[in-house]
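Visitor: Below you'll find the structure I mean.
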Amino acid sequence: MIPAAPIPMQPRRWQQAWREAVRDPRELLALLGLEGTVPAMSDAAAAQFPLRVPRGFVARMRRGDPHDPLLRQVLPLDEELHPVPGFDLDAVGDGAARAGRGVIRKYRGRALLVSTGSCAVHCRYCFRRHFPYAKETAAAAGWDEALAAIRADRSIEEVILSGGDPLSLATPKLAELTDALARVPHVSRLRLHTRLPVVLPERVDDDLAAWLAALPWPVAVVIHANHASEFDAGVDEALAALRRAGAVLLNQAVLLRGVNDSVEALAALGTRGFAAGVLPYYLHQLDRVAGAAHFEVPDRRALALHAALRERQSGFLVPRLVREVAGDASKRPL
Ligand SMILES: *Cc1c(COP(=O)(O)O)cnc(C)c1O
Ligand code: SF4
């Protein structure tokens with residue numbers, strides 16, 4: 001008998017794409033034909049919060065356009081380093097709402113797990129760019145503390161996997177959590193907040209779809225797209241696979257100056273998302289996190305944009321305009 005050759009461990013396609021992400025701001029600009037043309041690009045800002053962007057996302061940026069809305073979301077700029085009063089390290093009071101390692105308990109019936117610290121893309125406006133991820137992820141110690149906190153609180157009906165990006169965890173790691181959650185009788189809904197189907201659609205592979213389809217609860221997947229150009233055929237395919245697995249798809253966006261602060265951009269985001277089977281959920285006013293002030297859209301302008309959007313879009317394509325206020329019992333409508 002000839003012994004069967006061991007099957008070599010193949011890195012999955014998404015893990016490969018993850019590792020191949022662009023991390024050097026100069027390489028990013030070179031790929032876009034913008035070498036040496038963006039003087040505000042900042043190595044010091046990149047040292048604080050490194051650039052990271054998957055190549056497939058770069059491919060959706062317009063070559064030769066320094067104002068491309070996708071580029072603006074990821075390129076480290078000088079402006080990030082200028083301190084602006086009111087823009088702090090813990091902008092949304094997550095520190096105060098901690099209920100165990102990686103568990104944030106802010107709203108009735110829901111527990112949010114900071115599943116992991118990693119993201120496939122680093123968004124410059126991210127409100128968690130200063131969160132102490134290394135110590136605070138729910139997955140770190142085999143989910144033990146998170147599970148204990150959820151078991152102990154029977155008011156928790158819905159578990160929200162957030163992050164970082166929960167889909168940056170390998171599927172068996174996610175299954176570890178959901179297998180244990182399936183034995184907690186008061187949990188009856190699961191929600192995932194993830195940007196991966198948009199920035200690295202390869203992540204939605206057959207294993208992930210099979211895991212989702214087998215979950216014992218209704219599942220909502222809240223994707224995070226800020227601009228219609230973030231969608232392409234690969235994203236459509238990933239979203240279709242999530243829907244076939246039974247997930248309800250919603251989008252949350254952040255209102256960002258220079259990215260989507262026009263009624264045309266917001267309308268296009270809603271219609272393009274819907275074409276991919278996604279309903280708009282929230283349009284967030286920026287969390288006032290240190291380093292993100294240059295993305296802020298004043299409330300008055302945000303309200304005017306939202307009103308104009310209501311006048312031209314189907315009602316179900318208009319997201320709720322909200323802001324997160326530390327200590328509130330829900331997101332606060334503007
Ligand atoms: C935003 C958020 C939720 C979910 O709020 P919804 O309004 O239900 O989308 C839950 N927990 C925390 C900590 C949050 O920040
Ligand atoms: S948590 Fe979301 S917004 Fe923040 S860097 Fe990750 S993907 Fe971007």
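Positions of Cβ are set from backbone N, Cα and C atoms, glycine also.
For reference, TrEMBL lists these features for the protein:
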DOMAIN    105-320  domain 'Radical SAM core'
BINDING   Cys119, Cys123, Cys126  [4Fe-4S] cluster binding site
MOD_RES   Lys331  N6-(pyridoxal phosphate)lysine
Visitor: Filter the candidate list Cys123, Cys126, Lys331 of recorded positions, keeping only entries whose CB is under 6 Å from an atom of ligand 1.
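Guide: Only Lys331 qualify.
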Visitor: Tell me which residues of the chain lie with their Cβ under 8 angstroms from that of Cys123 ([4Fe-4S] cluster binding site), as long as they are six or more apart in sequence?
Guide: Gln73, Val74, Arg195
Visitor: Long-range same-chain neighbours of Cys126 ([4Fe-4S] cluster binding site), Cβ under 8 Å, sequence gap at least 6?
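Guide: Once residues fewer than 6 apart are set aside, Cys126 ([4Fe-4S] cluster binding site) is near Phe49, Cys119, Val289, Ala292.
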Visitor: Non-local Cβ contacts of the residue listed as 'N6-(pyridoxal phosphate)lysine' (under 8 Å, 6 or more apart, same chain)?
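Guide: Those within reach of the residue listed as 'N6-(pyridoxal phosphate)lysine', by Cβ under 8 Å and sequence separation of 6 or more, are Tyr282, His284, Arg320, Val322, Arg323, Glu324.
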Visitor: For Cys119 ([4Fe-4S] cluster binding site), just count the other CB atoms lying within 10 A of its CB, please.
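Guide: Its Cβ shell of radius 10 Å holds 22 other Cβ atoms.
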Visitor: Average pLDDT across the domain 'Radical SAM core' (105-320)?
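Guide: Average per-residue pLDDT within the domain 'Radical SAM core' (105-320): 95.
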